[in-house]
Amino acid sequence: MSTIKPSPSNNNLKVRSRPRRKSSIGKIDLGDTVPSLGTMFETKESKTAAKRRMQRLSEATKNDSDLVKKIWFSFREISYRHAWIAPLMILIAVYSAYFTSGNTTKTNVLHRFVAVSYQIGDTNAYGKGINDLCFVFYYMIFFTFLREFLMDVVIRPFAIRLHVTSKHRIKRIMEQMYAIFYTGVSGPFGIYCMYHSDLWFFNTKAMYRTYPDFTNPFLFKVFYLGQAAFWAQQACILVLQLEKPRKDHNELTFHHIVTLLLIWSSYVFHFTKMGLPIYITMDVSDFLLSFSKTLNYLDSGLAFFSFAIFVVAWIYLRHYINLKILWSVLTQFRTEGNYVLNFATQQYKCWISLPIVFVLIGALQLVNLYWLFLIFRVLYRILWRGILKDDRSDSESDEESDESSTTPTDSTPTKKDI
């Protein structure tokens, strides 16, 4: 006769803890933010290389040659851990050579790197030329330093002091808070330039009325070239693929290609008055997006309210204003200002440039419409279905899964609508 065995105690059962629910806002794959050197995904290869470097540093020094090699490996290891050190050394070297030379005029070869060139006499007007590329290149290095320094020295400790323990969240907060810092400066800077011009408030007729704009005011040129440096630096990080691509990697890459084409063509062919309003629409909306994401990562109760404001601003700036500019290409491009092709006088506002301008701005609008679709999907999930499943990138999912394998999960589920 078979005996019935008692069931094991519930204390011995392995209860699979329910993962903590996440909000969609912080991980929705949209926007212009590109991962940095300091937040890139650590692959097995990079971890193995780091172990090799540490082994070399632990080896005994037998002669001067070994000592030099150890110093070099020490510098490389520090630079890998703190990516802002190498660009800082370049900046210090150039600035030191420039200011200690006793010649801070345009005759100094370093002047074209540290300051804007082509000032017209003693006026506030600045022309354009090949030296502007030197300025853009140098400030690409500056933005590399600025981003890595702020994220490593300022934002990371700040996030830890706010009791953020997840390595993944700290990295995402670092990226978004730097975006808040940059767009929080560039957005008002661009609005200031627009306010002190005839472009206020997104006056489309003024974009064409004075064409060709061979010169720009000092602050206008600093803003324009600074933006070019910022976007070029981001594009380099994106091209190098230092981060595992997110789901909208192709759209993000396409967005950067179109943006850089717009920057280059508008500057070279004297359409800078068209570029300024587009810069502003991107910066202000990006500021609100990053602010909403940061509040979401910090589990703030204001995250949904902030996200709602962002959605309204995104639709107004990236769609209404940009479509208004796109419509002006069809209606005002021909009628306002000169409309003639003349290579001798650099007159390029003509029947050839019209479709090119329209296609580039239209391509930018298509990417923004795709991201708007993702935004509406998030709103639908939150408001109607209550589903908080993420549209996150592979890198984010993998990183969180790696983290969860080494850290205990919270067995008590928490509901977060935003």
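Cβ coordinates come from backbone N, Cα and C, glycine included.
Topological domains recorded in Swiss-Prot put Ser117 on the other membrane side from Trp384.
Using a 10 Å radius centred on the Cβ of Trp231 (hexacosanoyl-CoA binding site) and all shown protein chains, the other Cβ atoms total 22. Packing against the topological domain 'Lumenal' (103-130) from elsewhere in the chain are residues 94-95, 97, 137-138, 214-218, 221-222, 225, 267-268: each is 6 or more residues past its ends and has a CB under 8 Å from a CB in it. Counting only same-chain residues 6+ beyond the ends of the topological domain 'Lumenal' (195-217), those with a CB under 8 A from a CB of the stretch are 120, 124-128, 224, 269-274, 276-277, 321, 324-325, 328, 332-333, 336-338, 345-349.
The average pLDDT for the domain 'TLC' (168-385) in the predicted structure is 91. The secondary structure of Ser353 (hexacosanoyl-CoA binding site), as reduced to three states from DSSP, is helical. Local packing around the binding-site residues Phe307, Trp371 was summarised as the count of other Cβ atoms within 10 Å of each Cβ; on this measure the leading residue is Phe307.
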